[in-house]
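Everything on this sheet refers to the single structure shown next.
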């Protein structure tokens, strides 16, 4: 640490870039602290110095009003280099906005990331106030105990008991004291997350009231008042869990719109009841049947009636308009979908659906929405995977019930709680790992308007207006499920135009953007979804979907097609029809030549010419036009870039890291340069923190670069643009620098010095220091000639262990370095090496 030369200084630093987007205060704060000054985070009465540059006008006015010394960043640097307290009047701060009208408010938005500091009562005032307020409230409650009012409590078995107030208050205060003590020790946040609240409810026996079954009759559930009251008192008032209360109030609002659905209310209450029960994960086989006892007979018949009808595209388009409004109105999508009795449950946990944006499933969705739909469809398979693992077999009626229960349980949990860890891990599984999940089966008999709306809410509308392959649910079920369901001859078959099985549902989204995407690596197969040229007669054919890996390998492997660049021949896995009739050809015949670099930068491995024409998202044809349109925006972005990269480079040498950080920030702000580690052909400026003769300085001299001090950067930062270099050139320490720079400026072509042009051929020893390559480069840049073998040279530079000749001069490396520094050939007699 430097000497405390500024020990009496209390500084307030406000250093911004001229456009107000970059804050450079931290670097100068560090330098001031190293010199012994105190740096205040706020402008208080103890501040004696304000380091100011492009700061707030209010700071400037306050400093002038109080008579505080306003200095520039140059004062800090001068004090550091001189090692003494420099007079502040030599470096006054400048306020460029002083003469601007006061009505103009300059907005400042720092684009630099903030440092994360863990909040404690010591470093956070709001946290400290909250902590003190909580302690005062505890003290007030201790002094104002009312011992006269008894308390009535409900035990977990439903019995009513009498408890004196003293016991309740004492236990309550002891819990608060314990909580405060833990907070003091751990310094944790005062507001626990909902996952912490859930853990407390399991550990604390006083919260066991949540586990009490809500024995409310079915008739009572029909009224909204009883539903809201029972739900509120059980979860919000008794438990004191504000998180649960918020969820119930949301549910209460949604139930007001569906008064006629008795089963929905019962399902909600049962899901809430099971939510607090720790034994839910160990459900026996009889629980789904008991759960379904509340379903009406019509809805159970609706589950069992699996008809062969399909929902037409017109119905999908009509429902696509009202689908997003329906989801917005009824937030209870997991429960609603389960009460309708359909086996195509497209549900997610409530906590997950809140954090992930809903996407509309219309066929006119832009590409961004299609990418979101791809992720959401894969996530929707998760409940079915958990169901298959827990039960081990598929039950015809109990499937929706179990899924509804699992969704009901997780809909009130915190998304980041440990209970949902398994769920979130399962979302990342590739599609083929989810094949054992139960296939989505559906009934499409004549439905009412409300039932159709419920189905449309859960359906995928991405394939409206497209002809897709059909799936034999029976064959697929027989291969993936150990105990398949019993279906009739005509009932087991259904087209997948509306809803497909779980694996295909995850894979169908690959074709949404008008092209095929290869499946994850290692699968060895890919699905072909869209058939734009499929003949009309294939609409009614039911093609079995074979799930074996060997048959899937017959489909196109798109990744190998892209890498090899050969024509892909895709065969239909069931009918063996030719590619030219059904599938778009991905390999294009392009007349325009493209370089290897352009091909590598094209998206997805495609290459081709680019034409001016609109991008098409609906169909692919056999020409390369579709891919040209996809490639075009990427190439335009590549050509335009985010501003062209500067052609000249700047090199730093003999500079500590803190100075380097300042230089990098200033260069990034003022533009015009790019930072290079070593001097090269494009280098024009060499910044030297100390006047030391380094290789970069010598190379900069030999190439005719500016050799400047660090102050040039500081003054440029002060004035907001790159200023003239001449006052900051280190010509006193390196007299050759301005001479070589002038020669370089006057030279017509590429500059090459003439210092060693009259010298004989030289040989640089491999044992020389600096390294051979750098020393040879220096000699070559100064006009010298370097030989690779010593017998052709008349001058040998560096230590030489071979046989020495009398006619050859053996000189030290310093001869080359001193000659370049002084810009004259030094006398060789002073640099001879001992024979």
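Here the Cβ of each residue, glycine as well, is placed from N, Cα and C on the backbone.
Of all ranges given (287-312, 391-416, 417-442, 443-468), Swiss-Prot attaches the label region 'Disordered' to 417-442. Cross-referencing 332-376, 602-646, 647-691, 692-736 with Swiss-Prot places the feature region 'Disordered' at 332-376. Segment annotation: Swiss-Prot labels region 'Disordered' over residues 555-583 (candidates 526-554, 555-583, 758-786). Summarised by DSSP class, the composition of the domain 'BRCT 1' (1-93) is 33 helix, 19 strand, 41 coil. Secondary structure counts, DSSP: the domain 'BRCT 3' (751-833) has 27 helix, 12 strand, 44 coil. Across all of the domain 'BRCT 1' (1-93), the predicted model scores a mean pLDDT of 90. Secondary structure of the domain 'BRCT 2' (640-730) per DSSP (helix as H, G, I; strand as E, B; remaining residues coil): 35 helix, 21 strand, 35 coil.
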